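Going by TrEMBL, these are the annotated features:
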TRANSMEM  B:9-34  transmembrane segment
DOMAIN    B:84-314  domain 'ABC transmembrane type-1'
TRANSMEM  B:92-111  transmembrane segment
TRANSMEM  B:123-141  transmembrane segment
TRANSMEM  B:161-191  transmembrane segment
TRANSMEM  B:232-255  transmembrane segment
TRANSMEM  B:293-314  transmembrane segment
Amino acid sequence: MKKNWKHKAYAIASALTVGAMMMGGVGQAFAKTNVVKHSVKHASGPVVHLQETGSTLLWPLFQLWVPVYKHVNSKVDLTTAGTGSGVGISQASDGTVQIGASDAYMSNRLLSQHPGMLNIPMAISAQQIMYNIPGVKKGVHLHLTGNVIAQIYLGKIRYWNAPQIQSLNKGVKLPHWMIVPIHRTDGSGDTFLFTQFMTDTNAAWSNSVQYGTSVSWPAIKGALGANGNNGVVALASKTPGSIAYVGISWLNNGLSEGLGEAALQNRAGRYLLPNPGTIAAAANMMIGKTPADERTSLIYAPGANSYPIINYEYAIINEKQANPATATAVKNLLLWAISPQGGNKAVFMDKVHFLPLPASIAPLSRKQIAKIHG
Amino acid sequence: MKRERFLSLIFRVTTGVMASSPFLILLFILIVLVRDAIPAIRYQGSSFFTGVTWNMGNMYANNPIVHNGVQAAPGASFGILPFIMGTLGSSLIALLIGVPFALMTAFALVYKVPKPIQRVLSPMVELLAGIPSVVYGLWGVESLSPFIEFKLGPLLTRLGHAVPFLAGPVGTGFGLLTSGLVLAVMIIPIITATTRDLLMQVPTLSLEGAHALGLTSFESVRFVAYPWVKRGIFGAIVLGLGRALGETMAVLMVSGDAANYLPYNLYSPISTMASTIAALLDSALTDFTGMSVHALAFIALTLLVITVITNLIARLLVSMGRQNVHVEM
Amino acid sequence: MHGSTTMRGYSRKIASNMTWMLSLGALLLVVIVVLDILITVVRQGAGGISLSLFTTQTTGIAGGLQNAILGTLDLIFFSTLFAGPVGIMGGIYLAVFAPDRIARTLRFVAEVLAGIPSIVIGYFGYTMMVQAFGWGFSVLAGSISLSILTLPYIVRTTEASIRQVPKSYYEGALALGLTPFSALRTVVMRPATPGIVTGLLLAISIGLGETAPLIYTAGWSNFNPTLHLTKNPIGYLTYVVWTYLNEPYSSAHRLAYTAALLLIILVVILHLLARFLQPRVKG
């Protein structure tokens, strides 16, 4: 009997070891077959793995791009991840990924620490303010100003029927419901855009919180944090009384989850929703001041028809890539992405409510892309 | 024969080196953490533990500020009291709920459940210990937080008149109570399994003797079996506490990610020290002065020190418990 | 029965019974929680189990989990490769060679290492392996982080299983003229093997379920593991549970639950195997 279990134990032990070895090996073998498969299809050169991470605002667009780009260039395997613009910036600078996606451009100081980093606009995007207020009918767009939103996020306005909000919305019956401000926990380009807008519209904000991809949020009881635009939408939809800033590629998702969308007061005093017309109007006012390195804010544009929160969607790239093959793959992908016949096509842009890169800006981006080398 | 002896020596030395590898690794980790944390210690000092504001500073400023010889982004201030309170609060709830449940479960498993059922339930408890923490997080998001938001929370708020900490608002179901309960479920198997094993060691003879002396069956467990295994159980509880204090993912998924405020009621959103490191490391890396990363390293170092202390206590208790058993036997 | 004739005896008896009722209630609640966890995961995850789950890679929101499954196996393979031999040899030293005081100290150190929050190891892995050593997000950084976590368990179980082998076996072998080395190999290690394997299995199940140390060391990839040990990020199942759950797509949700189900199934299998070995060690 005793011998029996010993044998059994041995059998199991060795079977497991062999099994583990095989399983470990299988992964490698699969990788091999994939490589072989692709290289058969395209006789020249091996498959290049590219890693994209960052902005959750840009991520839905990448999700649309990936399957299409597979047909454009089957030799590139592209992994995308919506992790927040902060991750996009830091991991691209670190060299742990090739492509960082960000709604925010890099700061001067960070750029001087990583001098080879490029901030390449690929499209124009916007951000809307969304809310979940019990009793407010669907389709009603609350009027909000940057100043009022700032006071909400500063904890100065705590209830939805506060006079400051009610006076902007005469026809709407607002409930006496506690406001739950939702912010992003991850380093976020959306936070960057939102806090820039707050800084432009509220003096107290510009003196205290200021702007950045991650800021120190004023202490408000019950205020919540969430990870990514996806997390924000999910949390806002299950939190009555909440208000949140959401990237426009998540607008459809937010609306279908039952969130309301605010009409924001622009610099000219008009209340507007983000749509191709108001985003383009704002872009027209702002893009003229785009410098050669393309790092510029498009927030709070002048003009009667300008929506106040728009921005460039950046690819954050190190101009020195690991090897020439990777550099070429990154270049080709970016050139395709900003091309009106490629990634900037209306079929992609319309789904995420982005605007294609303006014709006057595309040459600047192409010039930066040309700097990428192996 | 000489070769044999030489081989033995080699083997002995090799295994010795391998055995000391946990020590070397621990030392390496400690050195790295101390090195990374020093700038934050110099910048923030003891207010690190008492401040309520975590502010990585204005990362888009053009010039850093210098304080005590180290650079940080303007406005940077690293107070982790809310994370400490979140960590302690959720772990306290985990102990308050988890320990009685774990002990009673073990008592029931050992003394009251028929053997065949015990054989089914016992591994089930161990399975709880093996479930990945993200799965606990998933369960917390999907099942527990709605339960707290709509059932348990509203029920508990009725006691709010008597105990203000129980008063509403309940909020979203993400926060202190949910985190504490998820942690409770996570530490129950640790404590239950140890208690069960210890109780199995108690000689049945002494229990029968106690019964013969007129003690009720629970009294004999309470006054005979329990003292026998008490210290071992304490050790297991402290180990469970260690797990609760350091849990990252499950808490991150259900904590609500509170920023810059202390828990104000039982349902308040919180952040814990471990979950903060996971949540903020990436944004800290965009701090051009690097100070935010140093501050996170300081949190990591603090957690490491807490781990050493809890393990010291647990070890002390367990070894004293063992000695007890040995003496009696 | 004894003393139950008095009122006091009655109330004590009632108190005793009520406490037992409470205990059974506690047990029942724990069982309910386990079932709730299992049901939550199975209900939404079982539908996702299909052949294509294992044969296709994820697209980010849909597709299969091949990359994550293979990545998890890859990480486990390498972490066991690193931690296994080191841990087993370390355990042998503690059980056989180490002087008492050294053994006690090293055991304590191993316990502390086991108690370190996994995110601290993640931080360490990121600053040292990913950044300072320049490995980037990789199998190597991820599996070494995992092996740091599992090493103490392997040391502990190896030591315990060797200690369960009666000293007389070893002494008898010596008396028969075997050298200490071959005595150890033949009469001590063989009976201890099932216990050591059990420890390895439990260590694997711990590594399998970790997330925090991998986020910043293994990264994530939508594609199957490559042959490169460094610079190539790798996918793993726990990442899917953690991130896909947050996605607003039902396909991503299903993948998160399916990944959770796979993890539970793997843990159950490992526990069953470990259980199958364990009683025989004691008996």
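If you go along the chain as it appears here, the first residue is 1 and each next one adds 1.
Including glycine, each Cβ sits where the backbone N, Cα and C put it.
In this chain, the transmembrane segment (B:232-255) touches the transmembrane segment (B:123-141); three or more CB pairs sit within less than 8 A of each other, excluding pairs fewer than 6 residues apart.
Looking at B:9-34, B:92-111, B:232-255, B:293-314, the range that has the most CB pairs within less than 8 A of the transmembrane segment (B:161-191) turns out to be B:92-111. Cβ atoms under 8 Å from those of the transmembrane segment (B:92-111) belong to residues 118, 121-122, 125, 176-177, 179-181, 183-192, 195-196, 199-200, 217, 221, 233, 237, 240-241, 244 of the same chain, restricted to positions at least 6 beyond its ends. Long-range contacts of the transmembrane segment (B:9-34) within its own chain (CB-CB distance under 8 A, at least 6 residues past either end) are made by residues 297, 300-301, 304.
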